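Accompanying notes for the structure given below.
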Amino acid sequence: MSLLTEVETPIRNGWECKCSDSSDPLVIAASIIGILHLILWILDHLFFKCIYRRLKYGLKRGPSTEGVPESMREEYRQEQQSAVDVDDSHFVNIELE
């Protein structure tokens, strides 16, 4: 008697996936979450430089000038421009009073 006659071979029906026909809400939710995770992962890897640069530098803004007259805004811009002098590749910060 050989070993091949004693081993049961699985029939094709035993290998089929039963998830494809399932309307179980848990399976549907897991599929949606998996697809969204994949999309976000791809977008993150494609655009991470833009996204993190925007988060790092985009949130650092100057003080709000809402309600300030235009003449005072222009004066403030000029003071900010003259506050940093470039001298032989050195930056000098001048505090305004």
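Heads up, the Cβ atoms here are built off N, Cα and C, so glycines get one too.
Features of the protein shown, as given by Swiss-Prot:
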LIPID     Cys50  S-palmitoyl cysteine
MOD_RES   Ser64  phosphoserine
MOD_RES   Ser82  phosphoserine
REGION    60-84  region 'Disordered'
TOPO_DOM  1-22  topological domain 'Virion surface'
TOPO_DOM  44-97  topological domain 'Intravirion'
TRANSMEM  23-43  transmembrane segment
Same-chain residues at least 6 beyond the ends of the transmembrane segment (23-43) with a Cβ under 8 Å from one of its Cβ atoms are none
Check the topological domain 'Virion surface' (1-22) for me and report the mean pLDDT.
55
